[in-house]
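Structure first, commentary second.
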Amino acid sequence: MGLPWYRVHTVELNDPGRLLAVHMMHTALVAGWAGSMALYELAVFDPSDPVLDPMWRQGMFVIPFMTRLGITKSWGGWSITGGTITNPGIWSYEGVAGSHIVFSGLCFLAAIWHWVYWDLEIFCDDRTGKPSLDLPKIFGIHLFLSGVACFGFGAFHVTGLYGPGIWVSDPYGLTGKVQSVNPAWGVEGFDPFVPGGIASHHIAAGTLGILAGLFHLSVRPPQRLYKGLRMGNIETVLSSSSIAAVFFAAFVVAGTMWYGSATTPIELFGPTRYQWDQGYFQQEIYRRVGTGLAENQSLSEAWSKIPEKLAFYDYIGNNPAKGGLFRAGSMDNGDGIAIGWLGHPLIRDKEGRDVFVRRIPTFFETFRVVLDDDDGMVRADVPFRRAESKYSVEQVGVTVEFYGGELNGVSYSDPATVKKYARRAQLGEIFELDRATLKSDGVFRSSPRGWFTFGHASFALLFFFGHIWHGSRTLFRDVFAGIDPDLDAQVEFGAFQKLGDPTTRRQVV
């Protein structure tokens with residue numbers, strides 16, 4: 001046809017058979033990528049330490065999505081929650097990956113078949129004998145089927161009625177596991193962090209989709225609406241049902257991922273930046289220590305009972321906003337593989353007063369080391385200019401003692417060591433990190449939470465403009481073609497001096 005490269009899809013405009021073929025090929029590519037990516041991630045994933053080296057630290061992207069839907073076991077004999085297993089069954093990580101690849105192959109073959117045999121009787125309009133699609137009817141079919149799938153997911157898969165349930169955890173990401181979820185039909189179902197809302201919303205949305213699908217199958221659109229919204233034009237479908245629905249969904253999931261929700265557990269995707277900004281895990285750690293002290297435990301005992309997993313969340317290296325958008329690689333490639341918690345440093349001045357290191361804000365690369373007391377008064381610092389210092393570690397006589405972790409009970413008083421741990425305390429809890437194994441460069445990376453958000457927000461914006469573009473094309477097709485819909489005289493096209501100019505010469509044929 002001699003079309004330019006950016007007009008490739010014009011070929012499918014009036015060819016229902018090949019339109020179906022290209023969509024099948026697209027599905028084949030998506031499913032094939034998903035299965036192949038899963039197998040690649042399984043090949044490089046190390047399941048040995050789910051606490052300090054979880055999937056999100058290793059940069060896994062599709063494994064977390066499989067896990068949140070109920071897949072936890074591998075044919076390699078390991079479980080995502082730790083330990084070994086003997087009978088993972090067909091619905092393991094490898095089983096799901098393989099099923100996607102098989103499905104991709106079948107779609108590939110079907111796409112080829114429909115490309116070759118494009119002139120099918122089912123696509124022919126009985127009245128005209130030309131290929132055509134009843135788009136409102138097809139819309140009803142798709143709405144009905146997607147409603148059935150949506151209802152089935154909420155009523156059976158999520159609830160565990162026929163399925164595994166979904167990943168559910170506590171607010172601090174410590175006790176996560178796959179379990180069945182009861183629908184939340186009260187106001188609590190609108191809380192984005194309540195798993196029951198996932199079940200109830202899918203049941204409700206699925207029911208609505210089924211009813212709406214049946215409505216569109218049984219009721220024809222009015223002629224005025226049909227013409228006004230260009231329902232006979234395939235580009236209307238592209239603009240609305242396809243692009244608009246996808247960009248809206250992409251914006252929504254970018255938000256639920258970045259701000260956190262029950263659908264994006266921190267055990268699978270890592271913590272959010274707001275949990276660092278608000279001192280979310282730090283407050284919980286101090287609450288637990290305070291409870292222990294109230295039960296007459298010693299400081300050492302109280303801090304030793306803090307789960308290593310909780311302490312690890314309270315480390316800025318796990319903040320998805322610390323890694324640059326264009327720094328490739330997993331978190332482990334940045335600051336290294338976490339080996340162990342050194343413990344919590346309690347820092348005191350020579351008067352025995354507890355002082356606390358100010359934590360670095362998310363978007364700072366460097367931050368002055370300042371130590372405040374309980375009242376927010378500056379008691380010590382690491383000065384830029386020693387000649388003018390008043391609160392330097394050496395002058396104030398600061399010491400540090402560790403509670404919990406590997407250095408439990410160890411104390412330091414020499415200024416160089418104290419300053420070293422004060423600097424590290426700016427970044428939250430202190431961990432020993434192995435940077436040699438992966439040749440980690442020490443520069444923070446983002447987690448899959450950050451990558452997912454960036455990707456979906458970017459494509460949502462792109463698709464939004466695509467929606468405007470194709471919506472305008474289909475609504476104003478006659479205007480763009482230069483044909484006046486009210487034109488009653490035959491006109492020699494190309495004789496116009498200016499489109500829409502009533503003084504332009506018209507030549508009656």
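Quick reminder: no glycine exception, Cβ is built from N, Cα and C everywhere.
The annotation transmembrane segment is assigned in Swiss-Prot to 21-36 (among others) on the grounds of sequence analysis.
Among the features that Swiss-Prot reports, transmembrane segment is placed at 101-115 (among others), with the record citing sequence analysis.
Same-chain neighbours of the transmembrane segment (140-156): 162-163, 183, 198-218, 241, counting only residues six or more beyond its ends whose CB sits under 8 Å from a CB of the stretch. Annotation source Swiss-Prot lists transmembrane segment at 140-156 (among others), citing sequence analysis.
Away from its own ends, the transmembrane segment (203-218) comes close to residues 136-137, 139-155, 183 of its chain (Cβ-Cβ under 8 Å, at least six residues beyond either end). What Swiss-Prot lists as transmembrane segment is 203-218 (among others).
What Swiss-Prot records for 237-253 (among others) is transmembrane segment, and it gives sequence analysis as the kind of evidence.
For the transmembrane segment (458-473), the list of distant contacts is 235-236, 238-240, 243-244, 246-248, 250-251, 254, 480: same-chain residues at least six beyond its ends, Cβ to Cβ under 8 Å. The annotation transmembrane segment is assigned in Swiss-Prot to 458-473 (among others) on the grounds of sequence analysis.
Within its own chain, the transmembrane segment (237-253) has Cβ neighbours under 8 Å at 135, 139, 142, 452, 456-457, 459-464, 466-467, 470-471, 473-474, counting only residues six or more beyond its boundaries.
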